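Structure record follows, encoded as structure tokens.
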Amino acid sequence: EENIRDGPPLFNSLPVFTAQRSLEGDADLQFLLAGGELLKVRSNSWKKNRTFKLQEDCRTIWQESRKAMRSSQTFSIDDIEAVRLGRQSEGLQKYTEEALEDRCFSIIFKGRRKNLDLIASSKEDACKWVTSLEKVITNLRNLSSKQKTEHWIYNCMRNADKNSDNKMSLKELKHFLHQINIEVDDEYAQMLFAKCDKSKSGQLEGSEIEYFYKLLTAREEIDVIYDKYAQTNRQMSAKDLLSFLQNEQQEGVSLDDALKLIEKYEVDNAAKEKQQMTKDGFLMYLHQPEGMILNPAHKDVYQDMTQPLSHYFISSSHNTYLMEDQLKGPSSTEAYIRALMKSCRCVELDCWDGSDGEPIIYHGYTLTSKILFKDVIKAIKEYAFKTSEYPVILSLENHCSLEQQKLMAKHMTSILGDALLAKPLGDEMPTTFPSPEELKGRFLIKGKRLNKLEEAFSPSSTTDENESISEDDEAADMVEDAEKKPKKSKKMKLAKELSDLVIYCKSVHFQGFEHARESQEFYEMSSFKEGKAEKLAEESANEFVCHNVDKLSRIYPAGSRADSSNYNPVPLWTAGCQIVALNFQTPSDEMDLNQGWFLPNGMSGYLMKPEFLRDRASEFNPVNLTKGKWLQHKTLHVMVISAQQLPKINKKKESSIVDPLVRVEIHGVPADAASRETDYIEDNGFNPMWNENFQFDVCVPELALVRFVVEDYDSTSQNDLIGQYTLPFTSLQNGYRHVPLLTKNGDIIPSAALFVHIMAVEAE
């Protein structure tokens with residue numbers, strides 16, 4: 001108890017204390033708290049005025065509803081992906097006039113929730129809503145883990161305080177514990193209550209509630225670590241902290257580095273002046289990038305980006321236009337925006353003739369909705385380089401007539417402008433790919449080409465635009481799947497205007513590795529259905545590796561995946577395939593792996609392949625490992641210590657408490673695949689503790705991923721996912737580390753984390 005420090009008077013402070021403390025008195029915050037009327041747009045015939053305002057908790061938006069049985073509804077600031085000024089959603093473009101452009105804005109939600117399209121009374125009002133919302137969103141995201149915890153617990157306490165008297169009875173305390181995901185028996189609840197009820201009044205208030213809060217949030221595992229190294233008047237001096245960083249975190253740091261951490265993260269000014277770190281400062285450090293499991297040096301672009309394009313893995317999407325399934329789901333420009341904002345660098349456009357002369361995009365031979373090709377190009381232009389400045393490949397699956405092909409070329413040329421790569425870089429015929437660095441901010445077109453790239457340097461060269469060429473492999477596969485007939489080599493006419501835009505990514509049919517070695521140009525690339533690619537990766541792995549050194553390979557899901565499910569990308573990455581396209585719209589283990597694979601290097605969408613996947617003479621075979629530079633045997637020790645503030649799975653059922661377990665997985669070459677699992681902890685999602693140790697032997701760490709999965713145990717059915725986090729083995733930090741947790745959609749879960757100890761060492 002003597003280690004429990006005084007805290008803020010939670011029940012007596014304003015709601016803005018934790019949620020928006022730094023914005024207290026801010027004009028934008030006051031604007032949102034006051035709220036106002038906006039025109040909500042759903043269709044041409046449904047446009048209605050509704051009142052919106054920020055609630056006092058400063059993280060929930062209230063909106064008026066005129067539905068029967070429901071006079072209002074709310075949504076959390078945490079659920080907002082982005083706020084976009086102007087007619088940037090499909091709904092606003094379709095249902096509003098261009099003259100309203102500067103009065104429109106959209107709230108984009110995470111997951112599959114529909115956008116909220118709104119019209120303000122004036123341009124100034126629209127700008128005020130957008131800037132104010134963005135400020136509040138940014139402020140919430142920048143809260144420290146401690147602040148997020150305080151705010152979450154504060155709101156749970158307020159909800160448990162049924163009679164709003166700023167006091168807590170035993171019944172209210174038990175209700176509160178349920179809310180924060182803890183189930184306790186009556187005896188323990190009474191003991192905890194009695195311990196805090198110093199006044200013996202039968203109710204907790206003021207300092208008693210603060211004391212209860214401190215008891216609840218005490219981290220015993222942190223106390224043990226801190227007390228071991230706090231050798232200077234029970235606090236950590238800079239030398240004590242240095243000892244911890246060197247001995248436990250295995251960091252090659254100096255005393256100056258320790259002093260910088262104290263200056264940066266110590267919360268007590270008196271301790272900071274003494275160049276010491278308190279327990280609160282130590283916990284703050286452990287929740288910051290320096291204390292997290294991902295190496296902070298890998299958060300920015302750290303790899304050599306001047307290698308040829310074929311030397312990189314490229315984050316890639318399949319049927320990018322789809323929001324849901326492949327048969328009747330909606331097509332949307334929003335799907336492209338979401339993929340690009342996740343740093344996807346290769347998007348797919350399935351192009352068909354539109355009835356009014358304008359080419360459209362949809363999944364042919366299905367009931368999926370249709371969107372205009374030009375609208376997709378506009379969205380791509382707008383969002384391509386907001387999260388990554390490295391090149392974007394537009395993979396065209398072309399089913400259009402000559403006239404609409406010409407229109408496709410015109411739209412791309414006029415909309416993308418100079419960013420569209422319409423000729424090879426340099427004045428001479430290249431012999432290898434340019435690098436991502438050289439292609440920054442550029443768009444590359446993947447598709448069929450009528451002639452060889454060399455002819456781009458011959459102005460006198462002419463090609464008959466009516467020349468017939470073989471159809472793209474993926475396009476032919478679509479027809480085969482739709483018509484249930486064996487695939488035949490079909491011919492199509494290709495417009496020269498479209499053909500000329502294909503520079504470094506010319507689609508060709510794969511005719512075997514020998515043919516590729518002898519006849520395939522470096523800029524000619526093949527697409528492989530997942531089954532064929534997996535067979536090559538298993539039966540001809542080394543040939544596939546060597547093929548992918550100087551040629552690009554694109555892998556795509558089988559047409560039978562009507563539900564937009566995904567295949568395992570890892571075997572294709574280990575074979576050196578660069579463009580392993582997944583259904584970004586479908587939450588899945590495979591998308592978790594993809595997000596983790598491209599997490600480092602600034603989330604640029606490009607990850608440089610290991611040296612043995614960039615060597616034409618490589619003998620690397622992921623299936624049958626032999627001696628070579630790829631064998632860097634490591635032993636990975638993982639201690640799963642604890643978790644904090646795991647969310648409830650069934651939020652609608654108040655009595656639902658999770659029984660969490662943690663699984664640690666290794667993904668990579670077949671020899672490295674492994675999985676270990678803790679026991680489950682009954683009825684505690686707030687602060688479960690495991691202290692379980694696992695050991696993994698990893699042969700090829702440069703191709704390994706480490707995945708942490710937290711599930712709610714169920715003895716009668718499949719466990720439910722609570723959260724997960726995946727990262728490359730080579731981006732792990734040793735020592736005591738917090739592991740953030742992501743939802744099934746890949747969004748961060750506020751406040752939730754695992755606490756682990758990691759030690760990767762050379763295998764004996």
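In case you wondered, yes, glycine gets a Cβ from its N, Cα and C as well.
The average pLDDT computed for the domain 'PH' (31-138) is 91. Under the heading domain 'PH', TrEMBL lists 31-138.
The domain 'EF-hand' annotation in TrEMBL covers 148-183 (among others).
The annotation domain 'EF-hand' is assigned in TrEMBL to 184-219 (among others).
Around HIS318 (active site), the C-beta neighbours below 8 angstroms that are at least 6 residues distant in the chain are GLU348, TYR556, PRO557, ALA581, LEU582, ASN583, PHE584. Here TrEMBL flags HIS318 (among others) as active site.
Annotation comment: TrEMBL describes HIS363 (among others) as active site. Taking the Cβ of HIS363 (active site) as reference, residues of its chain lying under 8 Å away and at least six apart in sequence are, in sequence order, ASN319, TYR321, LEU322, GLN326, LEU327, SER331, ASP350.
Residues or ranges marked as compositional bias 'Acidic residues' in TrEMBL: 464-480.
Residues or ranges marked as domain 'PI-PLC Y-box' in TrEMBL: 498-614.
Residues or ranges marked as domain 'C2' in TrEMBL: 614-743. The DSSP breakdown of the domain 'C2' (614-743), given as helix, strand and coil counts, is 9 helix, 60 strand, 61 coil.
Taking a C-beta cut-off of under 8 angstroms and a sequence separation of 6 or more, ASP659 (Ca(2+) 4 binding site) has the following same-chain neighbours: TYR680, ILE681, GLU682, ASP683, ASP712, TYR713, ASP714. Marked as Ca(2+) 4 binding site by TrEMBL: ILE657, ASP659.
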C-beta crowding around ILE657 (Ca(2+) 4 binding site), within 10 angstroms: 23
For the domain 'EF-hand' (148-183), residues assigned helix / strand / coil by DSSP: 23 helix, 3 strand, 10 coil
Residues in the domain 'PH' (31-138) grouped by DSSP into helix, strand and remaining coil: 35 helix, 45 strand, 28 coil
Residues in the domain 'EF-hand' (184-219) grouped by DSSP into helix, strand and remaining coil: 22 helix, 2 strand, 12 coil
